[in-house]
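Database features (Swiss-Prot):
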type     : residues : note
ACT_SITE : Asp60    : active site, nucleophile
BINDING  : Tyr118   : substrate binding site
Amino acid sequence: MSESLEKPVVKIALGIEYDGSKYYGWQRQQEVRSVQEKLEKALSQVANEPINVFCAGRTDAGVHATGQVVHFETTAIRKDAAWTLGVNANLPGDIAVRWVKDVPAEFHARFSATARRYRYVIYNHRLRPAVLSQGVTHYHLPLDAERMHRAAQCLIGENDFTSFRAVQCQSRTPWRNLMHINVERFGAYIVVDIKANAFVHHMVRNIVGSLMEIGCGNQPESWMAELLAAKDRTLAAATAKAEGLYLVSVDYPAQFELPKPPMGPLFLAD
């Protein structure tokens, strides 16, 4: 077939949300459920051709997202409704497309991103929850959110996060630029809101695990700064559970004009 008859390739970005509790993480793997596999299957049905997607951040097993961003290339010409309503009709109920946007060839969901933002939701009550039990992390001891917030501020800026990095992390460097970290109580819920240019493996959950030790009084506020300086993962607290973690937003240069829907999760304001 001559080049003039070849179908043009278009690049499309999607905003995705999912409840990760029934998935073995984002990344497609053999013989286990993954969000990527379900999304690619649904997109391929709508496009009537194989679709491969690239995401902004690969979430672990049990982790959720309200603001995941993906891109893919296709020769299929479809209306926006096909990439939203049509794809959603082919997805399981715990995965959904939130928006669609045509993007230029130079856009990449991962490499064009300038920052990622996560929220970690703790249900701080003596008794465990039933409703939303897979969407929050239960912690039974009383936590002082203001104390946790003060302790966390030492993490802001460019730092070596070795003390909060999983042993199996494959990143070339432990250095990350943490832009903000806020800890706030909403009734029985505590939300840790954290934004950085990127994250080392388990960074958010390891930070939260140590903050909870401070919040319940087991460690002083100064402990976070000591851990950061020590650059030793074995000194920090255990990794917090996956259930309470949400990827809520990914930042991109303004030139791409990507939608910015409410981050959530649920009723949490931006």
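Just so you know, glycine gets a Cβ as well, placed from its N, Cα and C.
Taking the Cα atom of each, Tyr118 (substrate binding site) and the residue listed as 'active site, nucleophile' are about 13 angstrom apart. DSSP classifies Asp60 (active site, nucleophile) as coil under the three-state reduction. Under a cutoff of 8 A between CB atoms, and with a sequence separation of 6+ in the same chain, the neighbours of Asp60 (active site, nucleophile) are Gly25, Trp26, His202, Ala242. The residue listed as 'substrate binding site' falls within a strand when secondary structure is assigned with DSSP. Using a 10 Å radius centred on the Cβ of the residue listed as 'substrate binding site' and all shown protein chains, the other Cβ atoms total 26.
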